[in-house]
Amino acid sequence: MINIEKANTLIEALPYIEKHQGKTIVVKYGGSAMKKDGLKESVMEDLVLMSYVGINIVLVHGGGAEINKMLAKVDIESKFVNGLRYTDEETMEIVKMVLAGKVNKDLVNKIHTKGGKAVGLCGIDNNMILCDPYKNYELGFVGEIKKVNVELIESCLKSGYISVIATIGVGDDGETYNINGDTAASAIAKELNADKLILLTDVPGLLREPDEEKSLITEVILEDVDKLFEEGIITGGMIPKIEGCVDALNNGVNRVHILDGRVPHSIITELFTDSGIGTLIRKENE
């Protein structure tokens with residue numbers, strides 16, 4: 001009976017695998033899925049499986065918990081302004097060391113141990129993420145993206161490698177800047193003309209009632225997003241995520257998925273099964 005169920009699962013996945021073969025998918029990775037070893041393993045397994053079946057994968061990662069841990073070790077306080085990390089010169093050095101060094105290379109190694117091929121990159125490489133200092137309020141070395149150069153990413157994808165990208169940008173003056181991960185993932189997805197953008201979060205998806213997980217909105221049409229803002233359904237940390245989703249959809253990305261990163265194998269459950277999981281945002285009714 002168990003073997004039949006496994007076979008049925010594989011058969012169910014076949015049309016979805018065929019549909020996604022050769023497509024490019026950008027995954028924003030952060031939150032609990034990065035902190036817990038079991039969840040980290042399941043995400044890496046999902047990415048390697050997707051790569052094996054011919055999907056081009058770009059993994060854009062954060063690392064806030066690791067940055068906080070390192071700052072605490074050197075007695076630097078973690079400060080945030082409107083949800084964005086205040087990044088002075090000393091903090092920026094820690095951010096570079098942790099994101100582009102430890103976290104990025106750990107993820108590349110995890111993918112390798114699962115049998116995949118990966119290359120670790122950051123936004124400084126080949127001037128991949130060009131940015132200006134954030135203008136709205138004083139955040140130190142926090143950048144706003146003005147241009148993304150995906151030549152290096154495309155080269156890695158063509159060679160069959162998963163691109164693992166740390167969200168550090170560079171300015172015209174050569175200064176390095178901390179970049180919001182959701183914003184970076186959206187900008188990279190746009191420039192690659194990706195088929196999908198997937199955001200792993202610490203909630204089931206977009207919720208109608210913030211404290212009620214059963215109020216999950218499973219599907220949103222792009223033209224209805226403004227109404228959700230007006231109704232106060234999109235609030236707090238979900239605001240920059242949804243803004244990034246809208247920007248991606250308006251600039252060539254076909255679909256955006258907001259998934260619960262606390263659920264093991266949430267990515268392949270969403271992409272390769274009939275039931276799916278999380279919130280799908282798309283351009284129009286089908």
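The backbone N, Cα and C atoms fix where each Cβ goes, and this holds for glycine too.
Per Swiss-Prot, substrate binding site is recorded for G63, G64, R85, N178. Around the Cβ of R85 (substrate binding site), 21 further Cβ atoms fall within 10 Å across all displayed protein chains.
Note: K28 (site 'Transition state stabilizer') has non-local neighbours V60, H61, G62, G181, D182, A184, A185, L197, I198, L199, L200, i.e. same-chain residues 6+ apart with C-beta under 8 A of its own C-beta. K28 (site 'Transition state stabilizer') falls within a strand segment according to DSSP. The site 'Transition state stabilizer' annotation in Swiss-Prot covers K28 (among others).
Taken from Swiss-Prot, the feature site 'Transition state stabilizer' covers K241 (among others). Counting only same-chain residues at least 6 apart in sequence, those with a Cβ under 8 Å from the Cβ of K241 (site 'Transition state stabilizer') are D182, L199, T201, I258.
Shown are the binding-site residues G63, G64; of these, the residue with the fewest other Cβ atoms within 10 Å is G64.
Among the residues G63, G64, R85, N178 said to bind substrate, no two Cα atoms are farther apart than 12 Å. Secondary structure from DSSP puts N178 (substrate binding site) in a beta strand. Apart from G63, G64, R85, N178, the residues listed for substrate, the same chain places the Cβ atoms of G62, I67, T87, V95, L99, G181 within 8 Å of the centroid of those Cβ atoms.
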